[in-house]
Amino acid sequence: MKTQRNGPSLGRWSLVLLLLGLVMPLAIVAQVLSYQEAVLRAIDGINQRSSDANLYRLLDLDPRPTMDGDPDTPKPVSFTVKETVCPRTTQKSPEDCDFKEDGLVKRCVGTVILNQARDSFDISCDKDNRRSARLGNFFRKVKEKIGGGLKKVGQKIKDFLGNLVPRTAS
């Protein structure tokens, strides 16, 4: 009976399998995206599907909700994006683009999956009316203050002119 002395021994194969077993969990962990990475990927998808002329970039990310540990479960997200100066046709990352002055702001909500292999998201974005409403409230308050001030000035002028008119004694 002949033994194989020159071939790989059982000990070497065991060592190789052990190392593979240690490396595989690291590869699986590397495939799970962080909450912010998943949102940035979703924004890339939004930019690809958008018919707008310029790219959008993350302006504000709402706090991460409490989540379970399963990367395959859809996670709720909400964030705000703003139009940049970079055209959609550019090869630049949106993060390398400056925000456009008076650029369009959109509020986005939906879900993302943190498993990088699935790379799935369901996001819808609409014009952020909260900012427009705040601006409208500002102008309404200015109008009220100016209007109230003008009424007071008008009343003082009326009182002053009323005192100038000579009074007749009867």
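Positions of Cβ are set from backbone N, Cα and C atoms, glycine also.
Annotated features, as they stand in Swiss-Prot:
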- 1-30: signal peptide (SIGNAL)
- C86-C97: disulfide bond (DISULFID)
- C108-C125: disulfide bond (DISULFID)
- 150-162: region 'Active core' (REGION)
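Features recorded in Swiss-Prot, as mapped to the structure shown.
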residue	record	CB count, 10 Å
C86	disulfide bond	21
C97	disulfide bond	18
C108	disulfide bond	22
C125	disulfide bond	19
Can you tell me which parts of the same chain pack against the region 'Active core' (150-162), counting only residues 6+ beyond its ends and a CB-CB cutoff under 8 A?
none
What does DSSP assign C108 (disulfide bond), in three states?
strand
Whole-number answer please: how many Å between the C-alpha atoms of C125 (disulfide bond) and C86 (disulfide bond)?
19
How many whole Å apart are the CA atoms of C108 (disulfide bond) and C86 (disulfide bond)?
20
What is the three-state DSSP composition of the region 'Active core' (150-162), stated as helix, strand and coil residue counts?
13 helix, 0 strand, 0 coil
According to DSSP, which kind of secondary structure is C97 (disulfide bond) found in, if we only use helix, strand and coil?
coil
